[in-house]
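So that you can see what the record holds, here are the features copied from TrEMBL:
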type	residues	note
TRANSMEM	29-56	transmembrane segment
TRANSMEM	77-110	transmembrane segment
DOMAIN	83-292	domain 'ABC transmembrane type-1'
TRANSMEM	122-143	transmembrane segment
TRANSMEM	150-174	transmembrane segment
TRANSMEM	273-295	transmembrane segment
TRANSMEM	332-357	transmembrane segment
DOMAIN	383-586	domain 'ABC transmembrane type-1'
TRANSMEM	388-409	transmembrane segment
TRANSMEM	421-445	transmembrane segment
TRANSMEM	500-520	transmembrane segment
TRANSMEM	569-589	transmembrane segment
Amino acid sequence: MAQNAATATKGAVRNGNLASVRENTAKGVFIALAAFSILAVFAIVIYLLAASIPAFREIGFFKFLTGSIWSAKHELFGILPMIVSSLVLTVLSVLLGGILAIFTAVYMVYYCPIWMKKIYEQIINLLAGIPSLIFGYFGLVALKPVLDDLFNVGSSLGLLLSTLVLSIMILPTITSLVKNSLENVPMHYYEGALALGCTKNQAVWKVCLPAAKNGIIAALILGIGRAVGETMAVQLLLGNLVNYPTGLFLPIRSLTSNIVLEFGYSTGLHREALIATGFVLLIFILIINLCLWAVKKNDSIAGNKFFSRKFKQTNSTLAQLNYKKTGSLQDILWILSHIIAILVAVMLAFIIVFVFVRGIPNISADFLFGESANAHPTLSPAFASTGMLILMALLVALPLGIGAAIFLNEYAKRGSKLVKLIRLFIDTLAGIPSIVFGLFGAIFFGTYCGMGYSLINGSLTLALIILPTIIRSTEQSLSEVPDSMREASYALGAGKLKTVFVVVLPQAISGIVTSIILSIGRIVGESAALIYTAGSVVNMPTGYDSAGSSFAVMMWKFMSEGLDMELCYATAAVLMILVIILNILVTLSQKFFNRSKAK
């Protein structure tokens, strides 16, 4: 009997050791997956720097930055006009888009009726999901003729047209972030202002809005990063001549448009100079991300966190008192917020209607599913290529993203330096422009790994692009799982690993599903990162080792090569339909999982 007890004890010890080894191994794997974002950022920086050094050595670093002539024929490469053009375009776009976004966010938080708020949020989300190429197409086909006639110019391609379109593109991003910051302002700020005799408009504009200033600054910095890195839309609208931006209708060229225009046929020093352009762009983005991190670090609103409530709109008569109008500046701002909010909604409706009116009449069964050839291009290769890109990118990114989210939420010490470092690099990875990912994919996967133009190259590049989305969405869902569920699992004898996979992950499935849908939307609308990785052919792919075109790349090919514009209109309509379907799926999935949790 004693022998049996000893045997049982040894077995328990052995099982305990195995469980400990399993837990430690799992933790090590999750740490490695979380650290992948750090590795990815370093790899992108190092490979672009290494590929840029020959150009810096041959041309001269400061001569490259301060030169005013870009001529591949004469091997003269200076990017100062493009730097200035990019900065001026960014500043003007963020000023216009930021002002519109702040007014829109204030309207949504403080003035929008409750029944309309959900609809308006869907409008902003849909605007955020529209591919940049469609914005560029809209600006080229709809806005350009209006500006041509309005200002009586031969061509309005240039700074003004690009600023208008780019400000619309960055508006939803800034609006969403400013809205979140305003909603995080403690309720007693608003109530205290009313108690001191302020009108509602004075409380909103003089108290609540200044209290959210750090969040607003962070939103504007993020908008700057979005504007600096935009490629496809501005490439269609700038005019693409190397000039300083001395006029509203003078054709200019940005850093991003310079890369996408010339990289395909570049060789030797010309190619190295374009990669160096991408490296300079990457440095700008890294600086912007560091500024954003510094602002977020101090993003706090004064007040007692235990006795503060976030602003919540209600139908209560007490909360919606009609104060006497005073004719103050705040009342003028109230009027402006309503006008701008209506303009934003009308603008989105106009873009959608315009795309559908131009595109749907040109859609046919043959165009969608017919056999494609150079003389008769159809979208059937785009369906196949996009599906293959989505499948492989998700197969690579999902394990990496979910594993990283598990480490950050379940294993890491909250607020530790390691967690802050990993999150900084995740945010940095999310802020890198698509064209820089495309350069990295072309250099590392295409040249170094020998993949060339292929769908596997495009898939791996896309996996890097969608990775931050998956990490953030999954981590957010994991953090919403009650600790009581984990504690109950531990009390029943389950270990950390089993608790994560059996209890926590099933409860966080909503975030994973949402991240998948958002990732699919990003892949469907992506073009800049795929042109020089997956390719831009109109033929059906034969496998992952062959080139292929996604929907957005196919649309870019129709526009840039002057092919039948009816095909471009039809492709834009198909893209818009896909974006709307994906937005509906996100909404329905969130409602479904919220209803399931309520039960």
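Backbone N, Cα and C atoms are what each Cβ position is placed from, and that goes for glycine too.
As the structure is a computational prediction, the values presented were derived from the model and not from experiment.
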Recorded stretch that, among 29-56, 77-110, 332-357, 500-520, has the most CB pairs under 8 Å to the transmembrane segment (421-445): 29-56
Residues from the same chain, set at least six apart from the ends of the transmembrane segment (29-56), whose C-beta lies under 8 A from its own: 64, 77, 269, 272-273, 275-276, 278-279, 282, 286, 399-400, 403-404, 406-408, 410-412, 421-422, 425-426, 428-429, 432, 436-437, 439-440, 443-444, 448, 464, 467-468, 471
Beyond the flanks of the transmembrane segment (332-357) by 6 or more, those residues with Cβ under 8 Å of it: 100, 103-104, 106-108, 111-112, 120, 123-124, 126-127, 130, 134-135, 137-138, 141-142, 168, 171, 201, 204-205, 569, 572-573, 576, 580
